[in-house]
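Asks: Take a look at what Swiss-Prot says about it:
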BINDING   R21, Q22, A23, G24, R25, F40, D71, Y147, S202, H315  substrate binding site
SITE      D71  site 'Transition state stabilizer'
Amino acid sequence: MIFIDACFRKETPYTPIWMMRQAGRYLSEYQESRKKAGSFLELCKNSDLATEVTLQPVEILGVDAAILFSDILVVPLEMGLNLEFIPKKGPHFLETITDLKSVESLKVGAYKQLNYVYDTISQTRQKLSREKALIGFCGSPWTLATYMIEGEGSKSYAKSKKMLYSEPEVLKALLEKLSLELIEYLSLQIQAGVNAVMIFDSWASALEKEAYLKFSWDYLKKISKELKKRYAHIPVILFPKGIGAYLDSIDGEFDVFGVDWGTPLTAAKKILGGKYVLQGNLEPTRLYDKNALEEGVETILKVMGNQGHIFNLGHGMLPDLPRENAKYLVQLVHAKTRR
């Protein structure tokens, strides 16, 4: 698989490409599948439809990897927190984590309840071409904790940060509990058939450097170390969004570092490129315009050259991006990097 070879810095015939949120609302096929499911959460839980949605971007765009269609919040959901998705607002937990007692009340072994995810993986792997990789994923302990403490997405993360500074032992207990679940969750994804795993630390930039390293990065390192110990042949990709200023403190046992669009690739390559393969980092809104897209691709390829790079966006696809431009991006990257 070209994608897996690239994760391990092996020679590839061209630079592989996939896109975060490549299965999404910009595709009419996705919207049809979602309509059939009835709701976003039901789409995640319906393995037949989730498989359909996972495969759509591979078939339509020609990307080199599929990423499992699911949501990072299925883990806290199965740990016992009631989750709903409010239209135009996003995810909302009906209960929140406020103290040690509420951390202790979370169910252990939630990963055993996620058979709908593992079924999606095995179905997708059966239908996916052998040359194409399937990526599994989860959210980072810190990012999941913020949703569980705030009850929803936040601009200030005030409740989470208040806990971090005034009751660090409560937050640590939650992060520890989540880490153990996530290790087993990703392990079962691997056993079900994924070829690589990715951990999304979407709210990494909410923390100052020392707090980030202690309350997020340390847990990411713990998870990736255990996964590499168990499955050395499976690439681990970490994507901590918005920590470009902390790159000099990044270390650990993983294979690929996801670079967001706000972090200059030149800096990421200089600091991390010798040790990790870099993934990224086209600004997603460049896909609105073909000239802007071409310019962005040119800049990235000039910096990264032929090896140690997986092409991706620096954040997820937006719902109204033109699908023909997404397809053009894949063709352009393949054509420009073919060797």
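Glycine residues also receive a Cβ, built from the backbone N, Cα and C atoms like all the rest.
Fair warning: this is a prediction, and the values are worked out from it, not measured in the lab.
Tell me about the setting of these features in this model.
Replies: In the three-state DSSP assignment, the secondary structure recorded for S202 (substrate binding site) is coil.
Spatially close to D71 (substrate binding site) yet at least six residues away along the chain are F40, L41, C44, P91, judged by Cβ distances under 8 angstroms.
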Asks: Could you tell me the maximum Cα-Cα distance in Å between the residues recorded as binding substrate, namely R21, Q22, A23, G24, R25, F40, D71, Y147, S202, H315, rounded to a whole number?
Replies: 23
Asks: Give the number of CB atoms, excluding that of R21 (substrate binding site) itself, located within 10 Å of its CB.
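Replies: A count of 17.
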Asks: CB neighbours of A23 (substrate binding site) within 10 A?
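Replies: A 10 Å sphere around the Cβ of A23 (substrate binding site) contains 25 other Cβ atoms.
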Asks: Check R21 (substrate binding site) against DSSP and tell me helix, strand or coil, would you?
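Replies: Once the DSSP labels are grouped into three classes, R21 (substrate binding site) ends up as coil.
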